[in-house]
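S.K.: So Swiss-Prot lists these for the protein:
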{"type": "COMPBIAS", "residues": "17-37", "note": "compositional bias 'Polar residues'"}
{"type": "REGION", "residues": "17-48", "note": "region 'Disordered'"}
{"type": "TOPO_DOM", "residues": "1-57", "note": "topological domain 'Cytoplasmic'"}
{"type": "TOPO_DOM", "residues": "79-89", "note": "topological domain 'Extracellular'"}
{"type": "TOPO_DOM", "residues": "111-119", "note": "topological domain 'Cytoplasmic'"}
{"type": "TOPO_DOM", "residues": "141-169", "note": "topological domain 'Extracellular'"}
{"type": "TOPO_DOM", "residues": "191-264", "note": "topological domain 'Cytoplasmic'"}
{"type": "TRANSMEM", "residues": "58-78", "note": "transmembrane segment"}
{"type": "TRANSMEM", "residues": "90-110", "note": "transmembrane segment"}
{"type": "TRANSMEM", "residues": "120-140", "note": "transmembrane segment"}
{"type": "TRANSMEM", "residues": "170-190", "note": "transmembrane segment"}
Amino acid sequence: MKAEATVIPSRCARGQTTAAPGVQPWQTSVPQNTTQPKLLAPRQHEKSQKRSSLLKELGAFHITIALLHLVFGGYLASTVKSLHLVVLKSWYPFWGAASFLISGILAITMKTFSKTYLKMLCLMTNLVSLFCVLSGLFVISKDLFLESPFESPIWRMYPNSTVHIQRLELALLCFTVLELFLPVPTAVTAWRDRPSAKNDDACLLPNTPSHLKGLPVEPPPSYQSVIQGDAQHKQHQRLREVKQVTPDTWIVTDGAGIWTQTAN
């Protein structure tokens, strides 16, 4: 007895169907009620990073000016003995430097940790720093222009110790003017910055599909389980179905095609 087999290719043998992205290989369409992921725009994320970097730089400027106030104020306090300087009587170089130093540290800390209470503290300290700057401008201007205790002009050929003190106070005035332009930009940048790093990370995560909400979160399948599932699926496709049409003819159907087998 000889057997002749004729292969009739089916649709599965002629070509493979391409599944839609996000579905299983045996699915032909995307499940209903599936929400497409919404990611944060790259430009918006870059703006957030630039804003955080700017906040760190502003904090560094605060700290630098605070240290300069301490250096010049300490030198003036140690050298001036006979002159009556309002800037020293009010102790402006020290409480002004403390205000600027706290503002800078909070700005850098907020950029590092990004908490809501740090944001509020940063806004409050910058507001206090602004009042300290205005007060410092008033007391220094009173020493240099309104009630000047200096007899000789500030620019002379052979300066004495009094002229050096006058120049130091003028330098302190310049640093105070620079500090005047820092509290407002720092406060605005801190206000626009995100209150928490968790919110920034949450914007980068896709939305959960509505039909998956409430289900327990499970880890993704391993590589071996995926390979085993694919092999089982292929084995399931290759299961043959034998159907006898006539006493000498059988039709065999499997995943590769339809076989017609006859016996002579």
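Note that Cβ sites are derived from N, Cα and C of the backbone, with glycine treated the same way.
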S.K.: Most CB pairs under 8 Å with the transmembrane segment (120-140): which of 58-78, 90-110, 170-190?
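M.R.: If we count Cβ pairs closer than 8 Å to the transmembrane segment (120-140), 170-190 scores highest.
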S.K.: Per-residue pLDDT averaged over the topological domain 'Cytoplasmic' (191-264) comes to what?
M.R.: 63
S.K.: Counting by DSSP, what is the helix, strand and coil composition of the topological domain 'Extracellular' (79-89)?
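M.R.: Tallying H, G and I as helix, E and B as strand, the rest coil: 5 helix, 0 strand, 6 coil.
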